[in-house]
Each structure stands twice: as structure tokens, then as C-alpha cells.
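Here's the structure, in C-alpha cells; my notes come after.
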Amino acid sequence: MEERPETELISIPATPRVSTPEIQTPSGQRSPRPASKETKSSAWTPTSFISPRFLSPIGTPMKRVLINMKGYLEEVGHLTKLNPQDAWLPITESRNGNAHYAAFHNLNAGVGSWGILALTIAYCWQLYTLWILVQLHEAVPGKRYNRYVELAQAAFGERLGVWLALFPTVYLSAGTATALILIGGETMKLFFQIVCGPLCTSNPLTTVEWYLVFTSLCIVLSQLPNLNSIAGLSLVGAVTAITYSTMVWVLSVSQERPPMISYEPLSLPSSAAAFFSVMNALGIVAFAFRGHNLVLEIQATMPSTFKHPAHVPMWRGAKVAYFFIAMCLFPVAIGGFWAYGNLVTPFSMSVQMPSGGILNALYGFHSHDIPRGLLALAFLLVVFNCLSSFQIYSMPVFDSFEAGYTSRTNRPCSIWVRSGFRVFYGFVNFFIGVALPFLSSLAGLLGGLTLPVTFAYPCFMWVLIKRPTKYSFNWYFNWILGWLGIAFSLAFSIGGIWSIVNDGLKLKFFKPN
């Protein structure tokens with residue numbers, strides 16, 4: 001067995017094996033109880049008790065025994081202290097994830113709507129902050145930050161971390177789930193109209209009824225117990241996202257462009273109005289930059305040892321996912337603008353927004369030019385993608401529900417409690433979508449409010465946890481990038497408020513289109 005320098009082992013402290021009672025978890029795995037105060041206070045490493053003279057080149061039986069013991073401790077005496085409650089929660093219940101699962105989850109969570117002008121900068125910025133989160137997952141020896149809020153608390157403090165991270169992450173999860181119900185229901189309605197044609201016009205389902213159908217399908221799929229168990233659904237979501245994205249831009253650029261197409265900026269009465277309109281549009285784009293609130297949760301499903309830390313397969317899977325995300329979004333943005341110009345809304349580059357996106361433009365302008373089967377297939381793929389995306393975005397909320405339950409009862413959720421939580425959550429999102437159909441008008445404002453989760457907080461976390469040399473390039477770069485994200489957040493939020501005041505907010509309760 002090849003020897004390692006002693007300094008490598010000492011630099012990463014590990015948790016010793018303590019002969020204390022063990023807790024039997026529901027999954028059959030055993031989680032050790034927290035170590036005593038004496039154990040926590042001791043600076044113990046896997047080889048701290050091995051004298052250097054035993055690691056000399058002299059081959060002795062004692063040396064071989066100690067080397068074998070050192071390798072064993074590197075594997076099982078890993079630096080992470082286990083929390084017994086983690087084995088009861090859906091995000092950390094199974095730690096059998098790998099790079100493939102990471103790619104499926106990140107690709108399924110990452111495909112959204114991006115504008116052309118901001119696309120390249122935002123893409124690189126988002127990829128950098130994703131790398132930061134992957135590296136910070138095990139930045140502190142003896143701790144795995146399995147959730148975004150946990151990392152925020154470690155960086156900003158217990159109370160401030162909750163205040164800064166809880167609202168945007170919950171809204172990104174629950175708000176996206178509500179939006180997916182609306183998108184999925186509308187897309188199912190259009191799919192049914194395309195397939196049936198004039199035969200289905202006698203007594204069709206209403207929009208609300210289609211929302212209910214889609215919600216029921218989401219609730220059925222949400223009964224899968226944990227994040228690793230939905231890896232197959234994420235694979236389906238990733239494949240469908242790539243397929244319908246390619247179909248949409250290829251079909252769009254292959255058709256004649258509409259005669260009224262224009263590439264000129266929209267005329268506005270003043271420069272201030274133009275500025276705020278741009279800020280609101282960028283806020284809408286920022287609203288679609290979702291997925292960072294799921295990065296740590298995805299990485300938490302992976303095993304991590306001294307020799308094989310979880311950040312290696314996670315980053316490998318994330319790179320693959322973002323390669324395919326770029327293949328989806330850049331052609332859609334460029335091809336969509338070439339085919340339709342400014343005939344569509346600020347959601348124009350969104351292939352998941354049939355109410356105002358490129359897929360709806362394709363259906364509106366070319367429904368008589370494209371074979372009905374191809375259109376129906378594109379809409380069906382969007383439905384499959386929405387169903388799978390609902391699961392991964394809802395999993396952090398399920399995890400929070402069950403964390404609260406297990407912390408109060410000190411026992412895992414039964415199947416009935418778990419199912420009840422998920423049914424309740426699904427119908428709450430359905431109710432919000434039906435009761436407040438005007439939420440899409442707030443997209444610019446909400447995009448500005450949630451932007452720091454992706455672009456600002458990770459940079460601050462890196463400085464506060466990793467503590468790079470003061471006034472170094474790394475120190476300046478992350479501070480500037482973080483404060484720039486905060487400035488954009490304020491500007492986009494102001495633009496969203498201006499848009500609401502200028503255009504008015506039509507409060508149509510319980511009256512979806």
C-alpha cells in the first residue's frame with residue numbers, strides 16, 4: 001500500500017470511532033450518537049497516535065499493521081459527524097447518489113428562461129456560484145451542510161442566516177411548484193385540443209379542472225420517499241427538456257417568419273421608463289435562475305469518505321448538466337429571437353411558459369404549417385418535464401415538513417404522515433395558483449428579491465467561511481461580485497415595483513384564464 005505524507009492526514013481531522021450506543025434508523029443504517037465533550041474538544045486525527053518512526057522505510061510487521069489501520073481509518077473514520085435525524089428525512093435518507101444522479105437533478109432543475117443579452121454573463125456567473133456551493137458543502141471539517149439554509153447560518157450567523165435565506169429558498173421551491181402546476185395544466189389543455197381537434201369542443205374541461213388533473217398526477221409521483229428515489233424522474237425531465245428545447249427552436253427557424261416581426265426595441269415615453277422597463281425584464285429573467293437552492297440538497301445524497309469526497313462526483317455531474325443546459329438555452333434564445341423578434345413577452349425565451357413563450361408563439365403562428373403530431377409531441381414533452389420538475393423543487397419543502405415533525409416527536413414519519421404532508425402541499429399550491437392567477441405579474445419583483453440566492457450569497461459565504469487572504473484577488477473578486485448581485489437585486493426589485501405601478505395590477509381572484 002502506497003504511503004502518504006503525514007501532513008496530508010493531519011490537515012483534515014476526522015471523527016474517531018467512539019464506543020457509544022448506536023441508534024437504529026428506519027433505513028437499517030446505524031447512526032452514532034454525538035460524541036462527548038471530551039471527544040469533541042480533542043484534536044484527533046486518524047494517524048495522530050502513530051509515531052513517525054513507525055512510518056519509516058523499515059519493513060516491520062508493526063508498520064504493516066499500522067498502515068492497514070491508517071487506511072481503514074481513512075475510509076470509516078471520515079471527518080463527518082452523523083446526525084441521526086438525517087436518516088429520517090427525504091433529502092439525506094439515502095446517500096447512494098452519484099455523478100449521474102447529480103447531472104440528472106441539476107439539468108432537470110436548471111432549464112428555465114433566459115434573455116439573450118444577459119445570457120452569457122449570467123450563465124458564467126451562475127456556474128461560478130454553483131462551484132462555490134459544491135466546494136462549501138464540506139468546507140468545515142466534521143460538518144456537511146446538507147441544506148442551503150444551514151450553509152447560510154454557518155456563514156452569516158444563526159438568526160441572520162435564516163432571515164436572509166429562508167424566504168427566497170422557500171419561495172423558489174414552493175413558488176416554482178405553483179408555477180409548474182399552472183404551466184402543466186395549461187399545456188395539458190393545449191395538448192388535448194391538438195390531439196382531439198374539433199371532436200373535443202362539445203364539453204371540454206375548464207382550465208381549473210386541467211390544473212386539478214395535473215396536481216393529482218404530481219401528488220401521486222410525490223409519494224416517492226426521498227431525493228435519490230426520484231433520480232429516474234429527473235432523468236425523464238432532463239431528456240424531455242433537451243428534446244423539446246431542440247424541437248422548438250428547430251421548428252421555429254425552419255418556418256417563415258411572421259410578416260409583422262420587428263427587432264427594434266419597444267418605444268417608451270422617457271429614458272426613465274425605458275430603464276425601469278429593462279430592470280423589470282431582467283428581474284423576470286432572474287426569476288428563472290433557479291436551481292441553486294437545490295445544489296447542497298443534491299450533494300447531500302452522495303456518500304463522502306476521506307479518499308472520495310462528495311464534491312468530486314457532484315461537480316462532475318454539474319458540469320455535464322450545465323453543458324446540456326447551454327445546448328438547450330443558447331439555441332432557444334438566439335433562434336427564438338430570430339424567428340419572432342419582440343412579438344413575444346419578456347418570457348420569450350422560455351420553453352416552459354406556453355402562456356407567453358416561444359412554444360406558444362410556435363403554436364400561435366405556425367399551428368397550421370407544422371404537422372399536428374409534432375406539435376402534440378412538443379406539448380406532451382413539456383408536461384412530462386413539468387411533472388418531474390415539480391418533484392425535485394418540492395423535495396426541500398417535504399424535507400422541512402418532516403424535519404419539524406421528527407424534531408418534535410423524535411421518531412421518523414410514518415407512511416401516512418409523509419403522504420399526508422405531500423397531499424396537503426400539492427393542494428395548497430393548486431389553491432394558490434387558482435386563487436391568485438395574477439402572480440405572474442409579480443415575476444420581475446420576485447426575481448429581484450430571490451436573485452441573491454444565486455448570485456450574491458454564495459460569494460459572501462465563500463469569503464466568510466473560506467477566509468481568503470485579505471485584499472487578495474480572491475477576496476476582492478468575491479466581495480465585488482456579491483455586492484454587485486445585491487445591487488442588481490435592488491435594481492430589479494425597483495423595476496418590478498415600477499412595472500406594477502405603471503401597468504396596474506389586475507387582481508382577478510379565482511379567475512384564471
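Note that Cβ sites are derived from N, Cα and C of the backbone, with glycine treated the same way.
Here is what TrEMBL records for this protein:
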- 17-30: compositional bias 'Polar residues' (COMPBIAS)
- 112-500: domain 'Amino acid transporter transmembrane' (DOMAIN)
- 1-44: region 'Disordered' (REGION)
- 114-134: transmembrane segment (TRANSMEM)
- 160-183: transmembrane segment (TRANSMEM)
- 231-251: transmembrane segment (TRANSMEM)
- 271-289: transmembrane segment (TRANSMEM)
- 320-340: transmembrane segment (TRANSMEM)
- 374-398: transmembrane segment (TRANSMEM)
- 419-439: transmembrane segment (TRANSMEM)
- 445-465: transmembrane segment (TRANSMEM)
- 477-501: transmembrane segment (TRANSMEM)
(request) Spell out yes or no: are there three or more C-beta pairs under 8 angstroms between the transmembrane segment (419-439) and the transmembrane segment (477-501), with each pair 6 or more apart in sequence? (result) no
(request) Among 114-134, 160-183, 231-251, 271-289, 477-501, point out the range having the most Cβ pairs under 8 angstroms from the transmembrane segment (374-398). (result) 231-251
(request) Output the single range from 114-134, 160-183, 231-251, 271-289, 320-340 maximising the number of Cβ pairs under 8 Å to the transmembrane segment (477-501). (result) 271-289
(message) Can you tell me which recorded stretch out of 114-134, 160-183, 231-251, 320-340 has the most Cβ pairs within less than 8 Å of the transmembrane segment (271-289)?
(response) 114-134
